[in-house]
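Positions annotated as transmembrane segment by TrEMBL: 12-30, 91-114, 126-145, 175-205, 217-239, 260-278, 298-326.
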Amino acid sequence: MLKRNDEKINGFLFVIVLPLLLFAMSYYGFESSYTRLKTSEKTPDFLFSSVYAYRVIPNYLSVQMTDLMYALINGPLSFFKDFLSKNGTPFYHGLFLMNSVFFILCSLILNAIFRMKSTGLLLNLHARRIIHLLSVFFIVITQYAPTNCDTIALFCYLSGVFLTLKYLDTRKNAFFFILIGLIGISTLVRETACLNIAFFAAVFFNIDDLKKGNYQVIWKIIPLVVAFLIPYLGLRALLVQDETTFVEGFYINRNFSSPFNLAGLAFALIVIYFIYGLCTEEENKSVFGKYFFFSIPYLLMITLVGLFWEVRLFLSLILTGFITAYHQFKKTSES
């Protein structure tokens, strides 16, 4: 009984408390080019223009969390007001609180994924915790560029990965239908919802099945694509404003001319190459390779309209690498 309680306490400290402390350090211990968020008294207007306007759920939550923190700072937490005012604004504290909740949820889902049909190193509890901690570190270090949508989007993505793996393991349609709904909802968070389609395709797509005339996987992928396109195109049809655009800007020249952006690209490539080397089984390497292939549209968008220096854009791919490296996949051709 005592040993079981110790395991629960250690798990709580490792999966929740330690990640939360690291997360707090990234928001209140470091400064970056995004410190203007720290001095914004209310939800910034730019979140409701350009491409940010399509991120409906994070923007709504940002407004609500800002109002909540304002009420708390001037109410129950008034004795803490001086300290909080020196370290941010109601908007920034609300941003931290909101992202902290979804960050802890990400940690919990990662823990569940790493425990599900794990192989290799992850069969050892201590090794699994090291990989988990490394994954958490990668999430934390990308928070030098805090936003109101990335952590929520990552939570949605990891939830989709979990549902895909559960569907692979059980073949229960309930997980597939929930995944369809999740993709639709997460598209209202960020366009990276499309990566859930890439992961599903990587797990189930088998070229040998197509050669045999078995197109079942295609019919499975189509509903996922539709679930993404309906809210994606619907938002762009409904939110028609002069200041609302499909992208924030085109940065391809800056990506290949700025030392900072080249450093970000090098960082992502080295990390992904390292993670690929962790895949000891051919099946795991195959899934990881297919995932990159189906993620090409996303990678092209990063190159065109993103900044390589913001390595958070590669975070989903990095975490997927850890997951695929140590997961025991079934033969995708099995029914």
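FYI, residue positions are counted from 1 along the chain as it appears here.
Just so it is clear, glycine is given a Cβ too, placed from its N, Cα and C backbone atoms.
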Answer with yes or no whether the transmembrane segment (217-239) touches the transmembrane segment (175-205) by the criterion of at least three Cβ pairs under 8 A, sequence separation 6 or more. yes
Please give the sequence-distant neighbours of the transmembrane segment (298-326): residues at least 6 beyond its ends with Cβ less than 8 Å from one of its Cβ atoms. 110, 113-114, 118-122, 131, 134-135, 138-139, 141-143, 145, 147, 150, 154, 157-158, 161, 191-192, 194-195, 198-199, 202, 247-252, 254-255, 258, 260-265, 267-268, 271-272, 275-276, 278-280, 284, 287-288, 291-292
With Cβ-Cβ distances below 8 Å as the criterion, list the same-chain residues six or more beyond the ends of the transmembrane segment (260-278) that contact it, or say none. 138, 251, 254, 285, 288, 307-311, 314, 317-318, 321-322, 325-326
Should anything in the same chain at least six residues away from the transmembrane segment (217-239) have a Cβ under 8 Å from its Cβ atoms, list it; otherwise answer none. 53-54, 56, 176, 179-181, 183-185, 187-188, 191, 193-194, 196-197, 200-201, 204-206, 209-210, 246, 332
